[in-house]
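As written in Swiss-Prot, here are the features:
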DOMAIN    36-254  domain 'Radical SAM core'
BINDING   Cys51, Cys55, Cys58  [4Fe-4S] cluster binding site
BINDING   Cys95, Cys126, Cys186, Arg258  [2Fe-2S] cluster binding site
Amino acid sequence: MKKKWTLEETKMLFKKPFFNLMFQAQEEHRKNFDPNTIQISTLLSIKTGSCPEDCKYCPQSSRYKTGLKKEPLLEIEQILSAAKKAKDSGSSRFCMGAAWKNPKEKDMPYLEKIIKKIKEMGMETCMTLGTLNSTQAKKLADAGLDFYNHNLDTSKNFYSNIITTRTYQERLHTLHAVRSSGMKVCSGGIIGLGEKKQDRIELLMELSNLSIQPESVPINMLVKIPGTPMADNKDVEPFDFIRIIAVARIMMPKSYIRLSAGRHKMNDQTQAMCFMAGANSIFYGCKLLTSDNPEEKHDLELFKKLDLIPENKTQTLLKEDEYKNIIKSSKIKKDQYYNAAII
């Protein structure tokens, strides 16, 4: 039977001495994963900007003047070309995001065709398209979609300070529709929205106490975009962020914990500590939605320093020429990639 985390138990994890917490998280990580491998995903915007929602952190909202260039739906061939390059660069999962409140029925054949084509390449697929009903979720699942991303963002109590155009319960209903369809769930949150420690505790409790824990949990650090209401929020203290990663690993031991948006603001030492705390997945590529992502070459150099191997590569250290070949093949158009915090 899955453990149900209580408020007191979760608070106690946050109160643990830092190194004791790190030790426990690393122990839990090693029970369930190879500590020297990392899962790599690439995220592509298939429709950018003009979103009707009012998420206060998001440059894709039509309500804020952020200078984001609006783009229509990409052609299928453009998407397939990007997916091939992502696979050649070491990604095992191709994620696609559209700036919608929810997909329309007219969009479903387009989405289903993309999923089937990318699956033929041998990659896992993930989409983030906004709210889904059960019929839409079933169609995506039948097309072969492996994961659906729908973040909770923050705690139920703090949520209305961030978003008013979609309720917390609607998010939970979408996650239920995704799970019921047979797809895997990708759901996490954003740190740095102005939330208190209690909100971080409640967010991790909500995620870990879902009927089945998410297979993938992206932990985003707020990317402060000029023009959004959160452009001047305080920076997140790195050790607070590392602590959240560690607690997430302990509470969701079999989930992939992903370093997502905001990673470009972290130095190598902070990222290494996050990996030590149990993070074992990243978004790799030029851009995440609308914010910078660390350059591919730098990522691969960091992997080499830490002896981390992409999950779909051989489980031995890559040789120098293998790293160079991956770097060479990773040149993808930067204007197609965007920020995971907005999904």
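Note that Cβ sites are derived from N, Cα and C of the backbone, with glycine treated the same way.
Everything Swiss-Prot records as a feature, shown here on the structure.
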residue: Cys51; record: [4Fe-4S] cluster binding site; DSSP class: strand
residue: Cys58; record: [4Fe-4S] cluster binding site; DSSP class: coil
residue: Cys95; record: [2Fe-2S] cluster binding site; DSSP class: strand
residue: Cys126; record: [2Fe-2S] cluster binding site; DSSP class: strand
residue: Cys186; record: [2Fe-2S] cluster binding site; DSSP class: strand
residue: Arg258; record: [2Fe-2S] cluster binding site; DSSP class: strand
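On a Cα basis, Cys95 ([2Fe-2S] cluster binding site) lies 18 Å away from Cys58 ([4Fe-4S] cluster binding site). Contacts of Cys126 ([2Fe-2S] cluster binding site) defined by a Cβ separation under 8 A and a same-chain sequence distance of 6+ are given as Ser41, Arg93, Phe94, Cys95, Met96, Leu145, Asp146, Phe147, Tyr148, Asn149, Cys186, Ser216, in order along the sequence. In this view, Cys51 ([4Fe-4S] cluster binding site) is surrounded by 22 other Cβ atoms within 10 Å of its Cβ, with every protein chain counted. Figure note: comparing Cβ neighbours within 10 Å for the binding-site residues Cys55, Cys95, Cys186, the maximum is reached by Cys186. Across the structure, Arg258 ([2Fe-2S] cluster binding site) and Cys51 ([4Fe-4S] cluster binding site) are spaced 25 Å apart at their Cα atoms. Counting every protein chain shown, the number of other Cβ atoms lying within 10 Å of the Cβ of Arg258 ([2Fe-2S] cluster binding site) is 25.
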